[in-house]
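Here TrEMBL flags 22, 84, 123, 458 as (6S)-5-formyl-5,6,7,8-tetrahydrofolate binding site. Taken from TrEMBL, the feature K(+) binding site applies to 230, 249, 251, 254. The feature GTP binding site is assigned by TrEMBL to 230-235, 249-255, 274-277. TrEMBL lists 234, 255 with the feature Mg(2+) binding site. The annotation domain 'TrmE-type G' is assigned in TrEMBL to 220-379.
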Ligand code: GDP
Ligand code: ZN
C-alpha cells in the first residue's frame, strides 16, 4: 500500500471563496509543521484548527495567512494523517501554498487518489468510492446532490437491506433442508418465498426506474432540436445557451453539422443537439445531417420540435410529428412576431396533448414558458432530486439488472412449483449480484452470514 504523502487543491463543494490544500499521508503533519508559523502542529491534538502563516523557504518570507486543520488517522477520510490548509487569498494563494508543499517532497495527488486511499484502507465501500468519483465528475448541482446522497451510503444501506431479506430467505430454506429435526423452525413455503421475492423484485424495479433519471442528471437530458430549415432551431439553441456558438443564418439548411451544447435549465441539465432538420433530400451533405438527425432522435430523452408560425403546416412537418411519436416532446411555435399562417388547431390535434409553447425568439418572448415546460416534462411535477436514492453508476445499473434477472428466474421456478432448494440457487445469485455493488462478493461470507443468522451451534 502506498505510504507516500500526497497533496492537492480541494475546493469545497459549491464554494469558491475558500480554497484548501489537502495533504494525506505520513509526512502530512511534519511537512506542514515545518512550514507553519504559529503553534507547533506536531504537538497539536487531532481534529483541531490553527491560525498562522505558511513560510516560503525559497522567498525567505511568510507567504500566506492560513487556517490549518490537523486530523490524525484513522479517523479521517483516507484513514491516514490528513492536513487541510485553508487559504483565504483565492487561487493565487492556494497555488503558492501547494507549490511550497510540493517543494518539500510531497507528491501531487492524482484525480480521485484520496478516495482510492479511503477505499484501500477500508474506510468506504466500492459504491461509495464510485460516488465520490461521480462528484469529481459531476457537471450540475442536482447531479452533485445525487452523488452526495449516494456517498452518504444510502444506496449501500438499501442494498444491504435487500440482501438481508434474501439472506434470511436462503438461510431459512437451508435450515429446513439441513436440519429437518429442528421443528421449532417453521417450514418455508412456496407462498412465503413468493411473497419475499416479489417484495425485493419491486424494490429492484424501482431502483432501476430512478436510475434512468440519475443517468440523465449526470450526463444531461439528451435534447434534440428538430424542425424544418429556417424555423429557428439554431436561434433556440443560442437562446438556451446564451452564447452564439451555433450558426444563425438566413439561408435554409446551413446548419449541417450537429452541434452539442450543455446547458442547465432550472436544475435540469440539457445536452442540446441542433440538427440539420429531418427531411428527405437528394443533397448529399444534407443527407448526412438527416441520417444523423434520425440517430439523434433515437437517443433523445427530450425533443424540442420547432414550427414556423409564419408558414402553413407542410408535409415535412407532419412527417416530423410521426417521427416523434412515442417520445417526450415539446412543440415550439416560433416567430409569433410574424403574421400567423400556421393552423394551430391542426397542430394541437397532431400534438395529441403534448405541450405547445409559442415563442418569438427574436423578441425573446415565450422563453420562460418553454423553460418551465422543459422542467415539468423532466420532473413530471415537482420531484426534488434530493428525495430519491438514485443509481447513477453504469456498473451498478448493470448489476441491478443482473440481480433482477436472477430473481425473476427464481420467481419463474416458484411459479412452476419447483423445489425450494432449486429456487434458492437463483436467490443466492441475486444476493451475490447485489453484493458486487457494495464490493462484498466472497462466497464463503454467505456461509459465515448464514451461521450468524441462525445460531445453529446450540
Ligand atoms: P434553423 O435553420 O431552424 O436553425 O433557423 P435559424 O435559427 O437559423 O433561424 C432562421 C432565421 O429565422 C434567422 O434569420 C433568424 O434570425 C430568424 N428567426 C429566428 N427566430 C425568429 C423569430 O422569432 N422571429 C423572426 N421574425 N425571425 C426569427
Ligand atoms: Zn440552424
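Cβ atoms are placed via backbone N, Cα and C, with glycine included.
When the binding-site residues 84, 230, 234 are checked against ligand 2, 234 have a Cβ within less than 6 Å of one of its atoms. Residue 84 ((6S)-5-formyl-5,6,7,8-tetrahydrofolate binding site) falls within a strand when secondary structure is assigned with DSSP. Recorded residues residue 233 (GTP binding site) and residue 84 ((6S)-5-formyl-5,6,7,8-tetrahydrofolate binding site) have their alpha carbons 49 Å apart, per Cα-Cα distance. Among the binding-site residues 22, 84, 123, the residue whose Cα lies closest in space to that of residue 234 (Mg(2+) binding site) is 22.
Within 10 Å of the C-beta of residue 84 ((6S)-5-formyl-5,6,7,8-tetrahydrofolate binding site) we count 21 further C-beta atoms, all protein chains included. Distance between Cα atoms for residue 230 (K(+) binding site) and residue 123 ((6S)-5-formyl-5,6,7,8-tetrahydrofolate binding site): 57 Å, as a whole number. Fewest other C-beta atoms within 10 angstroms, among the binding-site residues 22, 123, 233, are seen around 123.
Candidate binding-site residues: 22, 84, 123. Not one of them has a Cβ under 6 Å from ligand 1.
Under the three-state DSSP scheme, residue 22 ((6S)-5-formyl-5,6,7,8-tetrahydrofolate binding site) falls in the strand class. Note on residue 230 (K(+) binding site): other Cβ atoms within 10 Å of its Cβ, all shown chains, come to 20.
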